[in-house]
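Copied from Swiss-Prot, the annotated features are:
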DOMAIN    93-149  domain 'CBS 1'
DOMAIN    153-214  domain 'CBS 2'
BINDING   Asp248, Ser249, Ser250, Gly298, Ile299, Gly300  NAD(+) binding site
MOD_RES   Lys267  N6-acetyllysine
BINDING   Gly300, Gly302, Cys305, Glu469, Ser470, His471  K(+) binding site
BINDING   Ser303, Asp338, Gly339, Gly340, Gly361, Ser362, Tyr385, Arg386, Gly387, Met388, Gly389, Glu415  IMP binding site
ACT_SITE  Cys305  active site, thioimidate intermediate
ACT_SITE  Arg401  active site, proton acceptor
MOD_RES   Lys428  N6-acetyllysine
Amino acid sequence: MLRIAKEALTFDDVLLVPAHSTVLPNTADLSTQLTKTIRLNIPMLSAAMDTVTEARLAIALAQEGGIGFIHKNMSIERQAEEVRRVKKHESGVVTDPQTVLPTTTLREVKELTERNGFAGYPVVTEENELVGIITGRDVRFVTDLNQPVSVYMTPKERLVTVREGEAREVVLAKMHEKRVEKALVVDDEFHLIGMITVKDFQKAERKPNACKDEQGRLRVGAAVGAGAGNEERVDALVAAGVDVLLIDSSHGHSEGVLQRIRETRAKYPDLQIIGGNVATAAGARALAEAGCSAVKVGIGPGSICTTRIVTGVGVPQITAVADAVEALEGTGIPVIADGGIRFSGDIAKAIAAGASAVMVGSMLAGTEESPGEIELYQGRSYKSYRGMGSLGAMSKGSSDRYFQSDNAADKLVPEGIEGRVAYKGRLKEIIHQQMGGLRSCMGLTGCGTIDELRTKAEFVRISGAGIQESHVHDVTITKESPNYRLGS
């Protein structure tokens, strides 16, 4: 007898039922819990894939209210540096600003500027006492780069200094009065504590919805493998200030993965850890018991994933999410739906099935901010996109995600493909369209918050004819819509 557990459904098998509503789409609250302690302003995460998320995309997504996960197909030092780039991009108060000594040469300062991408450095003594600041304006026309900083720096008498905790309005007024772009935070002994820049104030005003930590820095996540030898990578990422760690595997309900989570939790009791991927209630429970702060669901739904075809294993995504959510009821541990999201309606369906947020790859892979070059093919612009189970990605370092250790291409068994997606422009436009669709869903279903959508919205199951009727039919599309693309 066939051991068939049950029937399982995915996004195209269901629709949400409209309900009486007092909710206007533009008043819907899209904020949600990523973990018990991290709140997002939109329920969107970017996948930890080498053609999707590095610092540039993570910054752009955090500014829109979501969070990006830096992929691990790079050296430990580089991944930690990518995390630092995000954390320092928009800092509020930079608590550990890079400083120079009065004896530092201008040539060394120039090298620092080229490496870091910014030109203002507080000048401190060996005892961390503030004596001045050197900026790009101070040295713009200097030709002798062997001179020490002390010759050209702005001395401390002319600096704008503030005490810790000073009101934003006071700081801005002082900066405006002296016509400067940087204010230095000092204690009573004039020791440097931090630095505030006008640019950070401007960025905060431009992006009020940004996802930030308590210190006003953008939030960022990073992925690590579950295999042995990843301890050093975890330590480096924690030291770099990562907000949430993703212990990433194609099969999270595996003893090796669970053990890695237990060990990481024991070493870092307060670190936010996401574990995955699973597709069953038992898998979700196992991750929660191992110490996960959130559980990621999805075995094989992604556009570039061939796991279900190569292995014959997987659970359609709506059922997988609903089962995981039911298993974690009462624990306060959120579920993340990872993969298979093609339209904003799929985001709404995943959340209505119980997910607190969705992780997307192909949706963001063709954006300006994603890694990789724009390619021209038959007159259209594309960007490359590949699964972390593809031969190319596995030979670069992601093979441990699929429990394979031999990096010779002819010995690897891929569970993903390499392809291309249409170039989509800037990430913020994609987010605007996707979140706009989600807001419209919340208006139609009468759900004012993500939590209400998770718990109140009802589904109907539809037939093949129902999905055919739902899509564009009996017409030729002459102008592409920004939120509806079939194929690529």
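Each residue, glycine too, has its Cβ placed from N, Cα and C.
Among the recorded positions Gly361, Tyr385, Gly387, Gly389, Lys428, His471, no residue is found with its Cα located within 10 Å of the Cα of Ile299 (NAD(+) binding site). Nearest in space to Ser249 (NAD(+) binding site), taking C-alpha to C-alpha distance over the recorded positions Cys305, Gly361, Lys428, His471, is Cys305. Residue with the densest Cβ environment among the recorded positions Lys428, His471: Lys428, by other Cβ atoms within 10 Å.
Taking the C-alpha positions, the distance from Gly339 (IMP binding site) to Gly302 (K(+) binding site) comes to 4 Å.
Other Cβ atoms within 10 Å of the Cβ of Tyr385 (IMP binding site) number 25 in total over all chains. Sorting each residue of the domain 'CBS 2' (153-214) by its DSSP state yields 23 helix, 18 strand, 21 coil. Looking at the domain 'CBS 1' (93-149) alone, the prediction's average pLDDT is 84. In this structure, the binding-site residues under consideration are Ser250, Ser303, Ser470, and the one with the smallest number of other Cβ atoms within 10 Å of its Cβ is Ser470.
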